[in-house]
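> My questions all concern the structure below.
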């Protein structure tokens, strides 16, 4: 089965259940398109939370998985730097309890678990559909750069590798990525690759109205999508 058919299966299931895509589903779709994501598992109970955390390897991150909870931090649904089985058990309990308190009627699927990654340079890649031009892909540096300074670049899909490299060089904060002031430069090629693939995804899956991959951690040798949200 090709990537479009596999992604459609995930999308159709969510549509049939009249709910948004949850983080593990969004990451599964990114994986189908060759966009790197951390290895993850979804634990439905305490035992699985401990087992999967051990398999993935401490320290890990745990986040609530629920179609009704979009802003996980607001719900107290995120725990980072979990170092052992005891902490994993405790984190699972706390997250589930917090989520119940936050939204008593929410459907709680459990938690997504992935390895705590070393801090990279945070960047964002997004996609919106313009009524006139079709799918437009956005690139910017994470945190205040996008939210406050609105330092972003856009291109309409399809996007070539050259377009993607231009998008990256266009933002005012580019020197930070290029290794200004003795900082280590990040892998621009790996970022360009993600931008191109988001463009392909947008063209092949018109059911997805919006994509927000935030943050992507960019390193010297690679780039990895840490969190992802897709709107149908």
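Including glycine, each Cβ sits where the backbone N, Cα and C put it.
A quick note: this is a predicted structure, and the numbers were derived from the prediction, not measured.
Sharing the features that Swiss-Prot gives for it:
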type: DOMAIN; residues: 27-63; note: domain 'ATP-grasp'
type: BINDING; residues: 53, 54, 55, 56, 57, 58, 59, 60, 61, 62, 63, 64; note: ATP binding site
> DSSP three-state call for residue 57 (ATP binding site): helix, strand or coil?
coil
> Are there residues of the same chain, six or more positions away from residue 59 (ATP binding site), whose CB falls under 8 angstroms from its CB, and which are they?
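Result: 80, 81, 82, 83, 115, 116.
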> Around residue 63 (ATP binding site), which residues of its chain at least 6 apart sit with Cβ under 8 Å of its Cβ?
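Long-range Cβ contacts: 23, 72, 77, 78, 79, 95, 111, 112.
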> For residue 57 (ATP binding site), what is the tally of other C-beta atoms lying within 10 angstroms of its C-beta?
10
> Counting only residues 6+ away in sequence within the same chain, which have a CB under 8 Å from the CB of residue 61 (ATP binding site)?
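Listed in sequence order, they are 78, 79, 80, 81, 82, 113, 114, 115, 116.
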